[in-house]
Amino acid sequence: MSNTVDNVSNSKNILKIAIPAPLHQYFEYLAPSHFPRMKLKKGLRVLVPFGKRKKIGFLMETSESSVWPKNKLKQVITILDDFPLLPDSLQQLIEWTSRYYHCPIGEVFANALPNALRSEKMSKKLKKFLKENKTHKDTDTSISSKSRKALPLNNHQQQAVATIIHSLGQFKTFLLNGVTGSGKTEVYLEVIEAVLNRGEQALVLVPEIGLTPQMLARFQTCFSVPLILFHSKLTDTQRLENWLLSKVGKASIVIGTRSALFTPLLRPGVIIVDEEHDSSFKQQKGLRYHARDLALVRGRLENIPVILGSATASLESIFNAHQKRYQIIHLPQRAGMARQPSFRFIDLRHEKMDHGFSSSLLQTMKKHLQKQSQVLLFLNRRGFSPVIRCQDCGWTADCQRCEQKMSFHKNPAHLLCHYCGYRRPLDRYCLGCQGQQLLPLGQGTQRLEQTLQKYFPHIGIVRVDRDNTQRKGSFNELLKTIHDNKGQILIGTQMLAKGHHFPNVTLVGILEADSGLFSADFRALERTGQLLTQVAGRSGRADKCGEVLIQTHHPEHPLFNHLIEQGYFSFSEILLQERQRSLLPPYSYLALIHAEAFNAAYPFNFLNEVKIQAECIKKEVNVLGPVPSLRPRCAGYFRSQLLLQAKSRYVLQRVLAQIIKPVSLLNSSRRVRWSLDVDPIELF
């Protein structure tokens, strides 16, 4: 689509502006009389009066007429840019994002730009910078890499590099599926070197802010080119400076978390999504986009390859590889001399326990610590629903209507299926063995740390979780402590399972492996397999042998054994078969509508009206609920949800497109705060 809105008629003086507001419409204004019509281009930032305030909007269309009398239209205060800040490809990406996620396009534009560009105060400095760098596109763009001592690539890595490099300059999606420690980063480096030698830029997305400095340091040792970072800890000024360097082509490699996806590249060459399976790539508030999925759309628009890398690929990506939408590349062996760790189950039904630790695990820890090795203890708790389990036999409660796991709720104590809404009182006795030891799963990292201090009073303990990594720089300080061997025992949640290289870790203990087996979330088994594989991969790096101990009440569970004996990829095939039988993603498509209010009845009333509208439009859509959210009350708000499910993405999108505007006009919608999540990864 052409970026020019009007280059012919001076009569088109009505401007349709997208405003960053939760409204699915353009707002009409009169063009400023002093601004040449020939320069009106789609995507220009404009300053407009909006209510009693001034707001920055984005020019989308021009028109000769309006539904409103011209004397009722306000005039644009000023046009802030000489030309659009975003290239055509990113503007098209923004429009696609708005349509697919049903988010007002003004809000998508605002998400795509640094905060500093949402203020007119930066316009003079911005224009000066862009004017000074306007000719940069015509300067020499050849980029040389450092003469680095690249690690020798094995045959599989060499084949992967050759396959990807052959597709530079065209859109193609590669799923780089490598076991933990297989050297995916070395493949990235070789591909990026080829991209740089073509005078192009590389965009690398990582799931967590904690991985960006690690990736940056690795790249800086390999390339003598400008590299920049994007993540949430940057100041507005830092983010703008980096954004501008990338836009004018002065940054050759851009590394960042999900929001970096919208960073403009003057000469795009490749997009790499590292740990593509990670749920952090999905925004959970506001514009609920998935950076991995949008990376594919951007790659197609800019005609460049996209690499999705993971040792534990998402079921959606594996399914797309089966459908030949992606080309899968396997890296089946660890790089260098590293070997796969050995696995052993600890049957908790026959163990003496102390606040989450079995006697077998404590004894094995002692042996490894005496050898001055490090021990990583992993608490698998994030993202899983509270489930009641019998401590005697391991029984958990299933829904009688849909066979999903039922979640435990307090006040009053009851079990609830968040998939179909079935509810029943909490059992007093185990239905498996008639025992009375029914307790919710779960331990906290702080309590684990206290217990370990009792057993190992003279050993340094490093705890890494959300609570002690909030302060700026704290996560990097903890990682330095680990790499300096100042802490022999490492305790963490999934923050420590992602892509970190701990060469001195020889034992990994997985404390609550069962929590994912019996979660109410249908994605829990996939996440359990991913987390167990990823955290096990931290053990036995370099030339040291690794050991993995898994504490479980179900050592005979077939999925556990399949995962360990056959590997994650084979394990994922079993899960895909289960998803197909249950018509769950990727064999169906979901949209989740949340609603909350101070009055408990309002969310249910609103969602029931939404349900009626959805069922009237298309019978092929299955509407489930409304049901209370997993946390039915939060910050004084009562929360409920409605799930829409369809076999076809097209059918689901068609229904959503038809109900969004009518739903927003419902009287009941004014009594609640509601949101839409397309392709949700958290159902509760």
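In case you wondered, yes, glycine gets a Cβ from its N, Cα and C as well.
In TrEMBL, annotation is done automatically, which means it is predicted and not curated.
Residues or ranges marked as domain 'Helicase ATP-binding' by TrEMBL: 165-331.
Annotation source TrEMBL lists Zn(2+) 1 binding site at CYS390, CYS393, CYS430, CYS433. Cβ-based neighbour count (10 Å, all protein chains) for CYS430 (Zn(2+) 1 binding site) stands at 21. For the recorded site, CYS430 (Zn(2+) 1 binding site), the DSSP three-state label reads coil.
The feature Zn(2+) 2 binding site is assigned by TrEMBL to CYS399, CYS402, CYS417, CYS420. A coil conformation is recorded for CYS399 (Zn(2+) 2 binding site) in the three-state DSSP classification, outside any helix or strand.
Note: the CA-CA distance between CYS390 (Zn(2+) 1 binding site) and CYS417 (Zn(2+) 2 binding site) rounds to 18 Å.
A straight line from the CA of CYS417 (Zn(2+) 2 binding site) to the CA of CYS433 (Zn(2+) 1 binding site) spans 22 Å.
Just so you know, the Cβ of CYS433 (Zn(2+) 1 binding site) picks up 13 other Cβ atoms within 10 Å once every protein chain is counted. Close to the recorded Zn(2+) 1 site, the chain also has GLN391, ASP392, GLY394, TRP395, LEU431, GLY432, GLN434, GLY435, GLN437: residues not among CYS390, CYS393, CYS430, CYS433 whose Cβ is within 8 Å of the site's Cβ mean position.
In space, CYS430 is the closest of the binding-site residues CYS393, CYS430, CYS433 to CYS399 (Zn(2+) 2 binding site), judged by Cα positions. Long-range neighbours of CYS393 (Zn(2+) 1 binding site) (same chain, six or more residues apart, CB within less than 8 Å of its CB): ARG349, CYS430, GLY432, CYS433, GLY435.
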